[in-house]
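K.L.:
My structure is below; once you've seen it, I'll send some questions.
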Amino acid sequence: MKLSPYYKVFEEDAVSWEEKLNRVDATFDVWIVVQRRWVYLEASSPAAPTSRRCCPTEFLTLMKKVSKSPMVLDVLNIQGVMRSLERLPTCWEDPEALGEYLERERSSSPVVMESQVTIEVEIPQKHHGTVMGARGMHVQKITQNHQVQIKFPDRADPNALPPAQNGSEEPEAGPRRCDLIRVTGPEAACLAARDALLALVPITIEVEVPFDYHRFIIGQKGKGVRDMMRNFDVNISIPPAEELSNVIRITGTPDKLDDAREGLLQRVKELDAEKADRELRSFTLTMRVNPDYHPKIIGRKGAVISKIRLDHEVNVQFPQKDSEEPDLITITGYEEKAHAAEAAIRQIVGDLESQSREELRIDPRVHARIIGGRGKNIRAIMNEFQVDVRFPRYDDPEPDLVVITGAEDAVFECAERLRNLEEEYMQDVVEREEMNAHVRGPRDTGYNGESTERTDRAGFVVSGAPWQQQQQQQAAAGARQPPARSMAPNMASAEEFPSFGDAANRTPVVWGPRR
C-alpha cells in the first residue's frame, strides 16, 4: 500500500495509527499474561480474600483506572502503564515468593484446601445460554452464594458425534463433553450449586387451550402473548392455525412455569366470560311498526333512537327503503334490555297513534315557499303548533298531499295557517304567470303549465337573399334547364357578405382601480 501514489496523502495519519496499533498489541499481550496469573492466584484459595497480599497494589490501582475509562486509546494514555505491566510478572514468577504464599495459605486453612472437589453437571448445550442468564447474571449469583467456581465448556457443534474409541466405529454411550459443566469448591457447596444450576434448566409443559381462543391470546400483532412472556419470563409457543391444535407449550424454569400456567388459565377464564357475555348480548327480537312512524322514532339527526340505544345498550336496525318488509325493526342486545328498548319504541308508537292526523291538498307550486330555505319556515310553524308536517317527495304519486300530525286542536290551527299561506302565495303565482304570458304572447297552458300552442307554423324565412336573386334571374331568362341545386352562400365572398369596414381600435385598458 505504501507504494501507491495515493499513500502520501494519508501517510502522516497512517504512520500515527500504525504506531498506536503496535502499542495496543504489545500492551495487551502483557496484560493477558498478568491477568492470567492474577486469576490463578485468586482461584488457588477462593475462601481466603488475603490472596491479594502476594500481588502488589500497583495492579489493583491500574485496574481501577481502566474501569473508569475503558476505551483502548485511553488505556494507552495512562502514565507508565506499559512499564507497570512488564514489572508485575517478575514478582509473580519468583518461585520462592510464590511458594511461600501458597504454603502460608495452606497452613492457614488446611481443611478448606483438602475439601476442594470438582463435579460435572450434565446440561444440554442448547440451554447453557439460559442457565448463564443475561451477562452471566445467574452464574455470578450462584458463584457468590456458594463460594464455588463454575466452568462452562467451549461451544461445539451440537450435532457432532463423540470420536470413536478403541477402534470402534460406534461411539460409546455417554454424555457429550460440550454438555458438561464443571463445578469446583467444597463438596457441599458444589452439590448445592449443582442443584441451583439444574433448577435453571428450562423445561416445557403443555396447557390445553381451545383453538378458538388462540387468536385472542396472541392479541393484535402479537402484543398479548409478548406481554405474558415478559411478565412471567417464559417462552410461549402457540401452534400454527392450520394445525387446529388445542395445545399451547410453555418453556421456562420450573419456578416460573406454575405462575405462567396460572396466568394462561386465568386468561382462558376471561375469554370464557367474554364468550358467554357475547352470547347474552346477541339476543335478537323483532317488532313491526308502521313505516310512517319510523322517522319520528329515529328523530331529527337520529337523536331519539340514539338515546334509546345508549339508555338500553342495544342495537336497533331499521329496514332499507327497498326492503321486502319495510315495517320490520330488529333489536339486538341483552334480553331484558332488548325488551325494555322494545317497550320504549312501542310507547313512542302509541303516542303517535293517539295523535290526530289530517291530510291537505296544497298546490305543489307553493311547497318550496312554504318550506323556506333549508326548511326554516316550516320548522318555525311546527315549533309554534307542536305538530309534525310532512311534504311529499318528488317521486310521490300524489305531489300535492301534505300530512299534519299532532294534537287535534294544534293540527286544525296549523292546517288553517297552511291554507292561508297557500292562498296568499297562489296569488303571486297567478300574477307572475299572467305577466309571463303577456311577455311571450298568447298561448294556452294546461294545469301543469305545459304549452298547448300549435307547432306547425313555418320557421324564420330569409327573403331576397343573393342566392335567391340568382334563381329568379334564371327563371326570368326562360332557361329550360333542370333547376340547379341551391348552393350554400359563400362566406368569403365580399359581394354576398360586404365588409363593414375596419374595426375601430379599442381604448387601452388601464390596470388598477379607478381614481
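Positions of Cβ are set from backbone N, Cα and C atoms, glycine also.
Predicted automatically and left uncurated, TrEMBL annotations should be read as such.
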K.L.:
With the ranges 154-175, 242-263 to choose from, which does TrEMBL describe as region 'Disordered'?
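P.N.:
Spelled out, TrEMBL records region 'Disordered' over residues 154-175, not the other listed ranges.
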K.L.:
From the ranges 312-362, 414-464, 465-515, grab the one TrEMBL calls region 'Disordered'.
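P.N.:
When 312-362, 414-464, 465-515 are checked in TrEMBL, region 'Disordered' belongs to 465-515.
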K.L.:
Is the coiled coil (404-438) packed against any residues at least 6 beyond its ends, judged by a Cβ distance under 8 Å, and which are they?
P.N.:
352, 355-360, 362-363, 365-366, 369-370, 381-382, 385-390, 445, 449
K.L.:
Please count the residues of the domain 'K Homology' (354-423) that DSSP assigns to helix (H, G, I), strand (E, B) and coil.
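P.N.:
Secondary-structure composition of the domain 'K Homology' (354-423): 38 helix, 15 strand, 17 coil.
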K.L.:
What mean pLDDT score does the domain 'K Homology' (281-350) have in the model?
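P.N.:
Mean pLDDT for the domain 'K Homology' (281-350): 92.
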